[in-house]
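The GTP binding site annotation in TrEMBL covers 40, 41, 42, 43, 44, 45, 46, 47, 86, 143, 144, 145, 146. As annotated by TrEMBL, Mg(2+) binding site applies to 47, 64.
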């Protein structure tokens, strides 16, 4: 009978452990939040991409003229994205909104004219070297890859001189289009990985 009692106690103990595992886990830990700035020329598709990531209706999308803030939810993080308008008269004020950013999203139109592509390059270069951004992870999205005139990622990397200019920095260059939002989400997941890595780095003195 003593062995039967011990067997019964073991069974009860295992059931209690199972019950605690199933019922006493409590709420999941809160997702980390990161503050990002999103820049790019007018027409690059910043607003459309962010709206799609937030599952907003495409009919309600209006190009950003000043700035807007969206909380973009992902499974393992929430990105608070401050999108800055890309018009000529707004770009000169971009740097006023950089403070507090933990990462950067730069969106460019892959099918831009030569002049617009040069303008985009002239905006990305100082952003990569800006004191408030130069140590942050960059996600560079070559948007509208579905257009016939779209340049490849390799062409854009060469034209924007990313290898020499961004050497030693953490940056990701990815093709994207609204037709393949899963690929866009994958690109943002890579950015989140860089943000998480930065969280675990020892603080710089």
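Any Cβ shown, glycine's included, is placed from N, Cα and C.
TrEMBL labels come from automatic prediction, so no person has curated them.
Here the structure is a predicted model, which means the values were calculated and not measured.
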Residue among binding-site residues 46, 144 with least C-beta crowding, 10 angstrom cut-off: 144
Cα-Cα distance linking residue 86 (GTP binding site) and residue 47 (Mg(2+) binding site), given in Å to the nearest integer: 11
CB contacts for residue 47 (Mg(2+) binding site) [other CB atoms within 10 A, all chains]: 22
Max CA-CA distance, Å, over listed GTP-binding residues 40, 41, 42, 43, 44, 45, 46, 47, 86, 143, 144, 145, 146: 22
Cβ neighbour count within 10 Å of residue 42 (GTP binding site): 18
Cβ atoms near residue 86 (GTP binding site) (within 10 Å, other residues, all chains): 26
Residue 146 (GTP binding site): tally of other CB atoms within 10 A of its CB: 14
